[in-house]
Amino acid sequence: MERTYPYAWIIPFIPLPVTVLVGLGLLVVPNATKKIRRMWAFISVLLLSIALLFSINISIQQIGGSSIYQYLWSWTINNDFSLEFGYLIDSLTSIMLILITTVGIMVLIYSDNYMSHDQGYLRFFAYLNFFNASMLGLVTSSNLIQIYIFWELVGMCSYLLIGFWFTRPSAANACQKAFVTNRVGDFGLLLGILGLYWITGSFEFRDLFEIFNILVHNNTINLFFAALCASLLFLGAIAKSAQFPLHVWLPDAMEGPTPISALIHAATMVAAGIFLVARLFPLFINLPYIMYFISLIGIITVLLGATLALAQRDIKRSLAYSTMSQLGYIMLAMGIGSYRAALFHLITHAYSKALLFLGSGSIIHSMEPIVGYSPDKSQNMVLMGGLTKYVPITKTTFLLGTLSLCGIPPLACFWSKDEILNDSWLYSPIFAIIAYSTAGLTAFYMFRVYLLTFDGHLRIHFTNLNGAKSRSLYSISIWGKEESNLNNTNCFLSEINKNDEKVFFFSKKTYKIGKYARNRMFSFSIFFGNEIVFPYPHESDSTMLLSVCVLGLFTLFVGFIGIPLNQGIVDFDILSKWLTPSINLLHKNAHYSVDWYEFVINAIFSVSIALFGIFIASFLYGSVFSSFKSLDLINSFETKGKKRIFLDRILNVIYNWSDNRGYIDTLFSLYLTRNIRKLSELTHSFDKRLIDGITNGVGVASFFVGEGFKYVGGGRISSYLFVYLSYVSVFLVVIYYFVL
């Protein structure tokens with residue numbers, strides 16, 4: 001019984017040896033460490049697998065009905081202050097442990113091949129293992145101080161990995177942007193922690209919740225101050241989980257390697273904010289205004305993220321805005337008190353989004369030898385299309401992740417999102433309408449990404465990458481500004497140098513990736529006489545596909561752990577059993593179940609909205625659009641005059657909103673960043689001219705006084721003695737007449 005619990009403190013330290021040994025190896029014996037660099041990937045996977053075994057054992061005990069376990073070590077104790085460190089094992093901890101270790105293992109296996117060409121391979125694995133260790137430490141923390149320490153470590157690792165390719169100016173700027181934005185949230189979190197300690201006198205979660213509840217129920221607390229502290233705590237979660245308005249760092253974070261994008265969006269950085277809200281849920285639930293504020297931020301983020309994803313060309317940024325929107329759903333669920341649905345969607349979204357990001361990495365990996373290693377080209381969906389026959393396994397798994405995020409049964413996200421939608425309707429019809437509408441938008445933009453990537457023809461061979469001005473041959477927006485004409489290759493061929501010189505599809509400005517780069521014979525276009533041989537994408541290697549396929553299985557089956565169907569014979573709802581200790585703390589005698597009729601009616605409505613979004617995306621981007629266009633149905637619609645012009649204006653507004661990131665970055669740049677820079681310049685000028693002027697003036701004055709005395713003295717000792725005695729005499733006279 002609970003034999004694993006006393007040793008659970010080991011879990012956060014299990015991945016650390018790789019970070020320490022790689023760091024020491026690169027400092028002491030760099031050449032020997034680099035020669036065995038691929039070995040560190042195996043060790044990383046092995047150690048994290050050991051952590052997974054611990055996590056599975058703990059989770060089985062939690063599902064079996066084990067109680068909450070906490071162990072503390074006293075750090076410092078006196079009469080007025082005590083600080084303890086330890087670990088807390090409950091259902092929330094066990095869920096997060098499983099999530100971090102499973103996704104982390106898949107990312108490690110995937111990264112071994114994905115990063116094999118990079119000179120920073122060892123540095124990447126050192127950061128990655130430290131990232132996993134920090135997140136494991138965060139979810140097992142037993143008090144707010146411990147959480148804050150690991151919170152900062154998680155942030156530090158994310159900054160290092162976002163700016164991993166720091167020689168790229170865009171990556172360096174993205175790292176800086178993530179750091180500055182999260183500083184705002186982290187400062188709020190620190191103030192909130194100090195405020196809660198002022199109220200309760202404790203950092204430990206159990207004591208803090210108990211004391212806070214007593215104070216609220218007895219009305220012996222200033223509710224405004226308590227709400228302010230809770231808001232500051234939530235500010236940390238807003239920044240970490242990329243909620244409005246501190247979401248601006250998330251799209252730029254795509255400058256990091258794709259495996260890191262998968263880990264950040266699935267199980268670490270953005271999940272940390274959700275975890276904090278879930279951990280402090282017993283505190284927030286006593287403050288109704290804070291719960292409403294959480295739900296409001298969530299619903300705004302749901303809609304904003306979906307609208308910003310509509311017109312993105314970068315495949316990773318499209319997925320980033322999707323993450324922002326889905327995390328908004330989770331925050332909405334937390335705010336309306338649907339604790340179970342929030343954690344359920346956290347689980348299902350994590351596996352689906354990890355699958356999509358690793359799938360996008362496989363796509364990027366296949367496109368890089370053709371278009372070059374610039375993210376502007378290898379991640380650009382304009383240059384993709386028709387990849388189904390080149391990367392069939394990636395296509396199948398990517399489709400699974402897309403359908404899951406769209407909310408199509410029986411895939412994972414269908415079960416959790418449907419539960420959030422139903423609960424939101426009970427809480428607020430307005431919130432429910434926005435949530436249901438965004439579900440349709442989610443289906444639209446996700447299927448848009450899928451169709452632009454895999455449907456149609458490979459557009460790279462019909463696109464001019466050499467900088468010559470030419471009309472685009474394929475429309476990638478829904479606004480109908482340009483028509484597709486993939487059959488006419490004369491436009492492309494006319495751009496080729498008439499002297500029959502070799503034409504490369506590489507960008508003229510490429511990024512050096514080191515001596516480990518793969519040498520692929522089919523990575524460029526060559527002329528053989530008058531015939532052009534085009535390169536084509538290729539399927540990823542087996543280790544990358546293994547991770548993608550395993551995550552595909554999770555996406556297929558993980559939703560079944562939370563099926564809310566209990567007819568008295570078989571209870572499929574493993575998640576409720578898993579969460580029983582935590583749910584009982586929040587709601588006494590709580591039991592979650594839904595009958596068949598209600599469940600089916602709600603599911604039909606939500607799936608219909610998702611299918612409508614998929615239909616619109618297929619009509620505008622898929623083969624259906626081409627078929628209708630050949631029948632001139634679109635052209636007949638275009639002749640409707642004023643109605644068509646009005647519709648185009650609306651679509652252009654939506655397009656510009658999405659393409660310009662909702663103008664939020666622009667507003668921050670104009671009114672916040674610029675003013676802060678001016679204030680910094682003003683304070684710098686004040687410091688340089690006044691503060692430094694006083695300090696330097698004293699030094700300069702002393703110098704000139706010394707020089708004057710030097711010339712007066714002339715170097716004779718008798719003169720020095722005369723001046724010295726004169727000063728002493730004057731001093732004694734002054735003392736005698738004015739003091740005595």
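Including glycine, each Cβ sits where the backbone N, Cα and C put it.
Going by Swiss-Prot, these are the annotated features:
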type	residues	note
TRANSMEM	9-29	transmembrane segment
TRANSMEM	40-60	transmembrane segment
TRANSMEM	89-109	transmembrane segment
TRANSMEM	125-145	transmembrane segment
TRANSMEM	185-205	transmembrane segment
TRANSMEM	258-278	transmembrane segment
TRANSMEM	290-310	transmembrane segment
TRANSMEM	327-347	transmembrane segment
TRANSMEM	354-374	transmembrane segment
TRANSMEM	545-565	transmembrane segment
TRANSMEM	599-619	transmembrane segment
TRANSMEM	720-740	transmembrane segment
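Away from its own ends, the transmembrane segment (9-29) comes close to residues 40, 43-44, 47-48, 50-51, 54-55, 71, 86-87, 97, 122-123, 125-127, 129-130, 132-134, 136-137, 140, 150 of its chain (Cβ-Cβ under 8 Å, at least six residues beyond either end). Fewer than three CB pairs closer than 8 A are found between the transmembrane segment (327-347) and the transmembrane segment (599-619), and contact between the two stretches is not assigned (pairs 6 or more residues apart). If you look at the transmembrane segment (354-374) against the transmembrane segment (290-310), you find fewer than three C-beta pairs under 8 angstroms, all six or more positions apart, and that falls short of contact.
At the 8 Å Cβ threshold, with sequence separation of at least 6, the transmembrane segment (545-565) lacks contact with the transmembrane segment (258-278), having fewer than 3 such pairs. Among 40-60, 125-145, 258-278, 720-740, 40-60 has the largest number of CB pairs under 8 A with the transmembrane segment (89-109). Below 8 angstroms of C-beta separation, residues 92, 96, 99-100, 103-104, 107, 110-111, 114-115, 128, 131-132, 135, 138-139, 147, 151, 154-155, 157-158, 161-162, 164, 189, 233-234, 236-243, 250, 284, 294, 316, 319-320, 323, 327, 330-331, 334, 339, 342-343, 346, 349-351, 353-354, 357-358, 360-361, 364 of the same chain, each at least six residues beyond the ends of the transmembrane segment (258-278), sit close to that stretch. Tertiary neighbourhood of the transmembrane segment (40-60): same-chain residues 4-5, 7-8, 10-11, 14-15, 17-18, 21-22, 89, 93-95, 97-98, 101-102, 104-105, 108-109, 111-112, 122, 125, 128-129, 132, 136, 578, selected by CB-CB distance under 8 Å and a gap of 6+ residues from either end.
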